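Novice: Encoded as structure tokens, here's the structure I'll be asking about.
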Amino acid sequence: MKVNLSSLDTCESSFTPLVVLELAQDVKEETKEWLKNRIVSKKEDGGAQLLFRPLLNKYEKETLENQNLYLVGASKITLLLGAEAIGLVKECNDNTMRAFTYGMRHNFKDFDDDNNDFLTMAECQFIIKHELENLRAREEKMIPGYPQAKLYPGKSLLRRLLTSGIVIQVFPLHDNEALKKLEDSWYTRFSLKYQPLDRIRGYFGETIALYFGFLEYFTVALIPMAVIGLPYYLFVWEDYDKYVIFASFNLIWSTVILEVWKRGCASMTYRWGTLVMKRQFEEPRPGFHGVLGINPVTGREEPLYPSYKRQLRIYLVSLPFVCLCLYFSLYVMMIYFDMEAWALSLHESSGSEWTSILLYVPSIIYAIVIEIMNRLYRYAAEFLTSWENHRLESAYQNHLILKVLVFNFLNCFASLFYIAFVLRDMKLLRQSLATLLITSQILNQIMESLLPYWLQKKHHVQVKRKVQALKADIDATLYEQVVLEKEMGTYLGTFDDYLELFLQFGYVSLFSCVYPLAAAFAVLNNFTEVNSDALKMCRVLKRPFSEPSANIGVWQLAFETMSVISVVTNCALIGMSPQVNALFPESKLDLILIVVAVEHALLALKFILAFAIPDKPRHIQMKLARLEFESLEALKRQQMKLMAQNLKEDSREGNKEEEA
């Protein structure tokens, strides 16, 4: 299903389908006609200027099910102008990366009027999504045929149609030929090799490619920690000085890997064009609503919403709700400790093998409860963040991530901190950490990949049978693909994937001196995680829309914050060890001062390393500086040209006055 841009025309019945739009079965004809007109109308008339047709013709509708499936495409000119509108960056003939402009299109590498590969299919689908999301109400007061579905100027039509149940879903189609090639080079043949990140980016977009790049990098970076941690666990060393060495290495390691990742990420995203992509004038997110007005910065027409109203919603509703959830999480944690005390007392009274196994049951139950609470809280956090009405998608994601991270951090690690610093039971800490880590990894593998894959295979067989039983004389290939993909689960973004790695990083770094084997379990999990996530993306879930990204966003700050907290926890744990306390039998104040001094020294070392390692490689810095210089020079030339024109006009007017 390659996108041949030259073959896309304005004929409704002849275009390459890129996106599927599914309507509810009982949608009225006047609503369908109105939606079609808004999608195909010209932009000056408030439309998206896209191509639109039903999946089935009139005869096929009488024979087949799924009558309300529609295919969306775009003409060549619409895609290229859309690429310019979203600021898509492509490589020029002089090997520099520049924002694509239609007027200068022949200056870009690989551009040709008959070229099939200048815009990837993922980029074309992203452009169509952008156009659909920016369809906004103008004069309409309601959706035709649905008086209860009110509209007001500036409201996103697609979002209103989705919330009203008129549009069921919008999703991009897979390219089966390209997908098969990607799978063959990615995960179908098990081998220890790097992932084809450029191919992943070409098919799924930069955001997903960056996630898989970070997952691969993080897994490789964990190997030294796993190798060094194995002897500490196998030989059960109790000397504190050995753990000081291991913890110090851990803290330096966590800083270096995060700084080196930023350099590698900058190189990748420059090559992909997203590092220099201008994002400061982001379009409003589809869920953003307000009174239609003119943006004073861009001069574009868009919804406007007072920031003070958003702040009131955050501080008077969202913040108290988050605090209430945190309190409930701590309450559940105390119930867990009551269960631990009951299991321990039962084991001490009987001393049987069965009761020794029972000691692990409270931790396993608590790990399952943590996963359930995390998922329930995630839904509540999404609702609250959407209700806060953030203008930009980046602002929405940052507030959502902050809410979820705070809760997940407390929910997953509060019990470990309580055991370490209140109960001071290192044996229970080691047992609880191992149980939480292993249980969460097993649950994630089952819930994210294995169970959805089994359900999807079962559904695929059912669809195959239905298609083979069709009596209609049609080419059922596209019909089968669309019907199969529409029933697939929806990929909700990289949020949960990064969150899983963030919590894993916490288990590895926060209590490394207590359970050095955590890194080894993380490596084993991540080797399977790469393949299970790849399978999930290619065969289990719908193809997600591509999203440009220059880095992993706020997650970089989250990982760096976790590494700083790990310095404090490891220093405190070593300071509490019996061996260290034996060195200061009389004065605990000296011990505290020394631990604080060591902790400050390690933090200083971390910040020195972070400062000493540049975020971008030298050659990338030079290319970015060159682009900035050329942009300033172009602006100067434009200003000089404008001044010359003004002087010329003033001179003409002066001559006319003298003649008069």
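Placed from the backbone N, Cα and C atoms, the Cβ positions cover glycine too.
The annotation domain 'Anoctamin transmembrane' is assigned in TrEMBL to 200-626. TrEMBL lists 208-237, 243-261, 314-337, 357-377, 400-421, 501-524, 591-613 with the feature transmembrane segment.
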Novice: So are the transmembrane segment (400-421) and the transmembrane segment (591-613) touching or not, going by 3+ C-beta pairs under 8 A with a sequence gap of 6 or more?
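Specialist: Between the transmembrane segment (400-421) and the transmembrane segment (591-613), contact is absent.
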Novice: Might you confirm whether the transmembrane segment (208-237) is in contact with the transmembrane segment (501-524), defined here as three or more C-beta pairs under 8 A between residues 6 or more apart in sequence?
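Specialist: In this chain the transmembrane segment (501-524) contacts the transmembrane segment (208-237) - 3 or more Cβ pairs sit under 8 Å.
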Novice: Mind checking which residues reach the transmembrane segment (314-337)? Cβ under 8 Å, same chain, six or more beyond either end.
Specialist: 362-363, 365-366, 369, 373, 377, 380-381, 384-385, 387-388, 399, 403, 406-407, 410-411, 414-415, 418
Novice: Taking residues 6+ outside the transmembrane segment (591-613), which of them lie with a CB under 8 Å of any CB in it?
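Specialist: Distant Cβ neighbours of the transmembrane segment (591-613) are 248, 251-252, 255-256, 259-260, 263, 560, 563-564, 567-568, 571-572, 574-575, 580-581, 583-584.
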